[in-house]
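A.B. asks: Dropping a structure here in structure tokens format, bear with me for questions.
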Amino acid sequence: KRKTDWSDSGGRHCILSFYVIHITIAVFQYKKNGPRLSVVAEQSKVVSRRGGNATLPCKIQRDQSLAPNRKMRIKWTKLTSDYLKEVDVFVAMDYHKRSYGRFHGRVHLQGSSPMDASLVITEITLEDYGRYKCEVIDGLEDGTAVISLDLQGVVFPYFPRLGRYNLNFYDAERACREQDAIVASFDQLYDAWRGGMDWCNAGWLSDGSVQYPITTPREPCGGKNTVPGVRNYGLRDKEKNHYDVFCFTSNYKGRFYYLIHPSKLTYDEAVRACQKDGAQIAKVGQMFAAWKLLGYDRCDAGWLADGSVRYPISRPRRRCSPTEAAVRFNGFPDKKHKLYGVYCFKGKKNLTSQS
């Protein structure tokens with residue numbers, strides 16, 4: 001009986017060994033030959049600007065031994081900032097093509113060859129910033145690549161008239177939108193810090209984290225003996241926790257300008273003065289974009305749409321930001337005081353109608 005038990009055990013051992021060897025050979029063959037279809041991005045990042053166009057590269061490399069397949073499926077999705085979801089952008093299979101949501105009518109395949117799955121995005125918006133995934137499915141074969149779309153622009157800290165640390169995450173998103181901007185990403189804040197940004201108040205970022213950039217360490221900002229860097233409070237409760245926010249904006253189509261007016265204005269008078277000039281009172285994001293991207297420089301404090309008073313200085317000088325180029329902030333004064341001028345903004349349609 002013991003001999004029989006040993007024999008049965010041995011038989012099972014032999015069968016198991018056969019399958020292990022078979023699987024090992026299959027894996028070896030796959031590694032030797034490699035995948036029969038792969039997707040390659042010629043560059044990991046593409047840089048554009050709001051209102052411009054961009055081509056996200058995605059090339060298909062396909063084994064010649066594969067039979068031609070007109071049912072090859074190309075799908076583009078956008079990854080959310082926390083990487084938890086994918087948003088459909090564009091799908092193509094044979095002659096069938098479809099774009100989704102806010103990308104509808106603005107995206108198409110470059111299609112320079114049957115093996116070109118590159119995506120063209122037109123009339124880029126601030127929300128288009130981020131990472132995109134190109135996925136190609138050909139029968140049982142598939143491949144993916146991830147490409148980042150970056151935008152030229154500027155990061156600026158923001159808090160409303162209510163004061164500092166009054167915004168939960170959703171309030172922060174709304175506040176940035178109202179100032180012609182979006183909540184900045186960590187990468188955008190990091191680039192701003194590398195460019196010299198120093199701000200001691202913590203603010204929301206698009207992934208739900210709260211951080212702030214320090215180039216000159218000091219006691220109230222993490223400690224005098226700490227190293228420069230982006231200080232990180234980590235992920236916070238988006239509804240219960242309240243901070244400032246870091247916003248990001250890019251190029252605009254229109255004209256930002258200081259309105260020449262014979263007298264100083266209250267806030268309501270400033271709004272009407274811009275309207276009378278065929279414009280609207282400018283937003284904070286538009287001032288930062290004009291200052292950073294166009295070098296706008298004006299030493300006159302003026303009202304903006306949120307009720308704040310600011311002025312942009314690109315050439316530091318005495319009495320006008322003597323030590324640094326910056327958008328100077330005069331706070332949120334009483335809207336009834338006639339102490340300031342006004343900055344206006346004419347969109348592209350207003351400029352066209354008056355030309």
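One is the number of the first residue shown, and numbering goes on along the chain from there.
For all residues, glycine too, the Cβ spot is worked out from N, Cα and C.
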A.B. asks: Identify the disulfide partner of C200 as annotated in TrEMBL; candidates are C176, C221.
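C.D. replies: Going by TrEMBL, C200 is disulfide-bonded to C221.
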A.B. asks: Measure from the CA atom of C200 (disulfide bond) to the CA atom of C320 (disulfide bond) and give the result in Å, rounded to a whole number.
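C.D. replies: Roughly 22 Å, rounded to the nearest whole number.
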A.B. asks: Measuring Cα to Cα, tell me the gap between C221 (disulfide bond) and C299 (disulfide bond) in whole angstrom.
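C.D. replies: Taking the Cα atoms only, C221 (disulfide bond) lies 30 Å from C299 (disulfide bond).
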A.B. asks: Inside 10 Å of the Cβ of C200 (disulfide bond), count up the other Cβ atoms and send me the figure.
C.D. replies: 14
